[in-house]
């Protein structure tokens, strides 16, 4: 049997109006992956005589977006010769940051779209910092709107230099920079004849070369629980995605912070595992599974609990403990000071956390400390802080289990900051 093509999740990032949606639209249009409902609408309008025009499709997508129906560009799939690619999200969705962190899908790579007409803009920087903070290691740069600068190589080189400077400061190496026109279809799927000076890959060729994401099977087992069902004749069935490690029938698993909160181990032997209604003997990272655990009741566990092996249980941070984190403030109306208590979202959990200390303000580009013990931090700042959860929760240092160490901080219906756990300080 031929090995299945690797699945890769990508996000599109970049400044507003630089052409992210158009680029996604063009990728889907030229690979014949436009959502069914749009094609249907086209046919219903009796426009069979006209060629299926890109501009028309983009207008429909835009209309539906404005009516508040996101054509879920999110979770749109297409194939390249060597990859199955899922576009998991694009900013502009209000919950973009939260989705990137707590979403069922961690991005393997990002496409940074920069308009040749503008170059690097504030959001270009913010999204690039964010990609770094969220552990996206592979980036592809698309310099869009080349048609608006007459496909001029000099303009391309100038913008390319700006982007390279930004990304290299953030520690990115070896990334393709591709001149495209999403609107005209140059170098997205089809090679352009308008830029003979460019010898590199098209966008789809670059996507086809994204490294296969490694499966973290050597890390300790962690399964954040999304839901808990009670199934007649089976019993309690927690459902979640295996983030790290391997779960096998017969393993003994423990749930945290449930065990800490109930002051008794909520644990048992795994009797069965199912994925898409098929029984499995073992489940690997990325698998969305339901599993039945002997002796664990429906009221013992809930969304936000995490399953791990009893030999290496999930790390619990209690209200008497604290953790040190590096954050980037994305959107706060005034300033964050000690005592601020927003809600932290990580994997499937959400818990209010208190800012206990502001240890240092960092230069977001270099990571160097620019100020010790600042009085406050504001939008655009990167900082090292000490946080204390208001109730027990599972979170892991990002160096040990990166999948379980990233978080979003939300308040007033928006994402205020994104961050990662550096270390955990347990109270005696």
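Every residue gets a Cβ built from N, Cα and C, even glycine.
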Next on the checklist: Checking feature assignment: region 'G3' per Swiss-Prot, candidates 81-84, 85-88, 89-92, 93-96. Which range matches?
Outcome noted: 89-92
Item to check | Listed range which Swiss-Prot flags as region 'G1', given the options 14-21, 22-29 | outcome: 14-21
Checklist outcome for this item: Checking 132-135, 136-139, 140-143, 144-147 against Swiss-Prot, the stretch recorded as region 'G4' is 144-147
Checklist outcome for this item: If you count the other CB atoms within 10 A of the CB of residue 20 (GTP binding site), including all protein chains displayed, you should get 25
Checklist entry - Reported in the order helix, strand, coil, what are the DSSP residue counts of the region 'G1' (14-21)? => result 2 helix, 0 strand, 6 coil
Checklist outcome for this item: Same-chain residues at least 6 positions away from residue 146 (GTP binding site) with a Cβ under 8 Å from its Cβ, in sequence order, are 116, 152, 155, 156, 179, 180, 181, 186, 187, 194, 195
